[in-house]
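Taken straight from Swiss-Prot:
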{"type": "BINDING", "residues": "CYS333, HIS384, HIS510", "note": "Zn(2+) binding site"}
{"type": "DOMAIN", "residues": "1-61", "note": "domain 'TGS'"}
{"type": "REGION", "residues": "242-533", "note": "region 'Catalytic'"}
Amino acid sequence: MVSIRLPDGSVRQYEHPVTVAEVAASIGPGLAKAALGGKIDGELVDTSALIDHDVALAIVTDKDADGLDIIRHSTAHLLAYAVKDLFPEAQVTIGPVIDNGFYYDFSYSRPFTPEDLEKIEKRMQELAKKDEPVSRRVVSRDEAADYFKSIGEKYKAEIIESIPASDDIKLYSHGGFTDLCRGPHVPSTGKLKVFKLMKVAGAYWRGDSKNEQLQRIYGTAWTKKEDQDAYLHMLEEAEKRDHRKLGKQLDLFHMQDESPGMVFWHPRGWTLWQQVEQYMRRRVNEAGYLEIKTPMIMDRSLWEASGHWQNYRDNMFTTESEKRDYAIKPMNCPGHVQVFNHGLRSYRDLPLRYAEFGSCHRNESSGALHGLMRVRGFVQDDAHIFCTEDQFISESIAFNTLAMSVYKDFGFDNVEIKLSLRPDARAGTDEIWDRAEQGLRDALTACGVTWEELPGEGAFYGPKVEYHIKDALGRSWQCGTLQLDMVLPERLGAEFVAEDNSRRRPIMLHRAIVGSMERFLGILIEHHAGAMPAWLAPMQVVVMNIAESQAEYAQSLAQSLQKQGVRVEADLRNEKISYKIREHTLEKVPYLLVVGDKERDAQTVAVRARGGIDLGVMPVDAFSERLRQDVQTFN
């Protein structure tokens, strides 16, 4: 007798072993038709999986997140099937699920063209309509390797040969195609109804640039056409908001091959940067942080003591001078500990909060670089809090309050918080980890926020809180972190004199709110589609005259606003006013002031707000007050 407990708490009993599909059918024909897989005691399995003992079972359908993953994984295999059908000489490699879709890497003698993608997608649709059953068989490693060698699939054979000889291998087949996979997969290809191939890109075999370059075909798959249409619309909007395109259009920055992963900031882009930095500087100063500056280049011995030289060496830029090795800092923390160590610290000095807009460099691979979002040279709004164990909860509460307030000011109202918990390999005792994790939970609870816990995702030296902001398109970006560190203070000899005159290690909290300034500016640009709020806008106001006779008034008006701290310019060119308005509208300037003879004579201005909103004619002082109220919260 096999007892199966369902998610609603009910128990079904069967006199003999049953498959997931048979359980679904016994519940009802609708569920049998909808079933894509199952979850047996939390493990995702195929509908063909046999249940021969008492278990908890959930039937997975396309209404479940796991169901969508199964669909996407199966669609990746359908893609490989179609490619092999159309291009038999192509070699298949790997095809995983990724955010919003999947990809599959192929080795082929020539580049796939857009026309090829159309043919492949059409063939996928034809194969899906055949509704061919998907079967699974388990074989030995050697049998699987021999099979793929026999059909000339050298990459698959290489993958299999890297698996321990004692492991069994799952092979999935539909029609004339067989692939290696952990699964699970849909029961038949007819379940794959909504998909689209997106693009082709280059990729290296096993992610190593020394290996052969492959062709990676990206695709997306969904349960409903409306969902796919919404996703494709979001991609169109994302393309319009692409910070690289807007950076060029708005003359904010550029990048070039002579300095890969580094940014050339133009005047307007640097003005935007300064608004963010000065705002952040004011907020951390108000929160009791002390701003410091640490060297960009430090001796190898310090990085060895911190552990970075041993564990992070490949990502560090290094140099040598006078027979000494140095590293250009990839992070600020060791330098901050040096400042803490410079002098005897008492418990009365704590908490000590050191902040730095620290310039860091990391040797990211050239293929990973992406505009402002992934760079080699960047500045962090970094800070480290040195405190006692009794203080770390209150410090965590204060940081969370500050971070959430900052995100709100920048226009991000939707923030997801994640708490990464202890990994298997870790420093410190279970008792220390219990206190650290519970302390962060208590801090988040006190702040009235909800969070998701990620078991095993913490660093080996402590648990971490992550802040993921959602932009206008619903995309999630991890920006802020609060990382408890139980290792670095000991490695670098940080200590303070406790109340009983003993020497103790401080608790060290690594924290950042925006993270990389470059990346955060890229997120900001895309979130606001380049139309920055007035307090952030590189140029807040442009004053335009209609004719030469108003030039002097327009110039004096701009000078008056400039003295009030407004970022303003006067456009006195001998051009049609409609031309000037259009040009500055494309520059996304928040306020355009137009002056003609009437405005000059009455000492007024005609005001147009961004978006073509006509605010009418008003006295100069009235406009100044409007602008002041627009920006005062943030300045």
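Quick reminder: no glycine exception, Cβ is built from N, Cα and C everywhere.
Neighbour counts of Cβ atoms within 10 Å were compared across the binding-site residues HIS384, HIS510; the minimum falls on HIS510. The number of other CB atoms found within 10 A of the CB of CYS333 (Zn(2+) binding site), across every protein chain shown, is 21. Within 8 Å of the centroid defined by the CB atoms of CYS333, HIS384, HIS510, the record's Zn(2+) site, lie the Cβ atoms of MET331, ASN332, HIS336, VAL337, ASP382, ALA383, GLN483, ASP485, LEU488, MET508, LEU509, ARG511, excluding the listed residues themselves. Secondary structure at CYS333 (Zn(2+) binding site), taken from DSSP and collapsed to helix, strand or coil, is helix.
Across the domain 'TGS' (1-61), the model assigns an average pLDDT of 93. Per-class residue totals from DSSP over the domain 'TGS' (1-61), listed helix then strand then coil: 14 helix, 25 strand, 22 coil.
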